[in-house]
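Participant: I have a structure I would like to understand better, so I am pasting it below and will then ask my questions one at a time.
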Amino acid sequence: MDFQHWLHEAVNQLRDSDSPRRDAEILLEYVTGKGRTYIMAFGETPLTDVQQQQLADLLQRRKQGEPIAYLTGLREFWSLPLFVSPATLIPRPDTECLVEQALARLPVKTCRILDLGTGTGAIALALACERPDCEVTAVDRMPDAVALAIRNAEHLAIRNVRILQSCWFSALSGQQFDMIVSNPPYIDAQDPHLSEGDVRFEPRSALVADENGMADLTHIIDNARQMLTPGGFLLLEHGWQQGEAVRAVFRRSGYSDVETCRDYGGNERVTCGRFTP
């Protein structure tokens, strides 16, 4: 079987996927080591028996709903190729909105940034890449996530980031930052979307929070003040229906300049506030 015929068959088998053609192409690129342009130009290239078996196994797993990123171990975020694993969330395009808003608020001078619950390191590494003059600290409570974020930093040769194991602020006593960012768990445990799509395979501890999904958001907002320098910013990603509640917690905790920004789909996604003692 050649590239072209396998793609045709795979697209048909993945017809219930949101993106059957792209899914099939990614799997073929991953197994053959060939880029999309090569595959399109040389569709008559035969697959080896080993490649056909690998593709059959991956195709079956994808048909059962396993995310492409977990099948290949790779995901692009902010144009950075990242290693991913089932120990962490898969970086999503909407989270790039958090990076955009953070960059827009960073001062021109060198500053210190903290990323809470870093997972793959996506947010921290994007900020560190864009602002090599800044010192970025990234923390996660899960050892596997810390190891993965370190691997990504080393692979990308990003030097201005340090990655630590910490449950939110627990290992950061006495330290201060000019900006704190986070994409914490914010989904309610009873949300029916937890049984749909990619999230079925992602770690629930990185998705679900108590108090209707607000517990971790509230904890960060209430405790970030003591870690921020005067005038420093806190930016949080949250659910599309949580904007009003998150703004209320920011204001209750004494932050100024509180505002919510929308994601690429037009939904309220990132809320920020400024620490003004």
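The backbone N, Cα and C atoms fix where each Cβ goes, glycine too.
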Participant: Swiss-Prot has G117, T118, G119, T120, G121, W168, N183 binding S-adenosyl-L-methionine. Which one of D94, D140, D144 is in the same site?
Facilitator: D140
Participant: Just counting, how many other CB atoms are there within 10 A of the CB of P184 (substrate binding site)?
Facilitator: 20
Participant: Among all chains shown, work out which of the binding-site residues T118, T120, N183 has the most CB atoms within 10 A of its CB.
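Facilitator: Of the binding-site residues T118, T120, N183, the most buried by Cβ count within 10 Å is T118.
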Participant: Which whole-number value in Å describes the distance between the Cα atoms of P184 (substrate binding site) and D140 (S-adenosyl-L-methionine binding site)?
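Facilitator: Spelling it out, the Cα of P184 (substrate binding site) and the Cα of D140 (S-adenosyl-L-methionine binding site) are 10 Å apart.
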Participant: Sort N183 (S-adenosyl-L-methionine binding site) into helix, strand or coil using the DSSP assignment.
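Facilitator: It is coil.
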Participant: When the Cα-Cα distance from Y186 (substrate binding site) is computed for each of the binding-site residues G117, T118, G119, G121, D140, which gives the smallest value?
Facilitator: G117
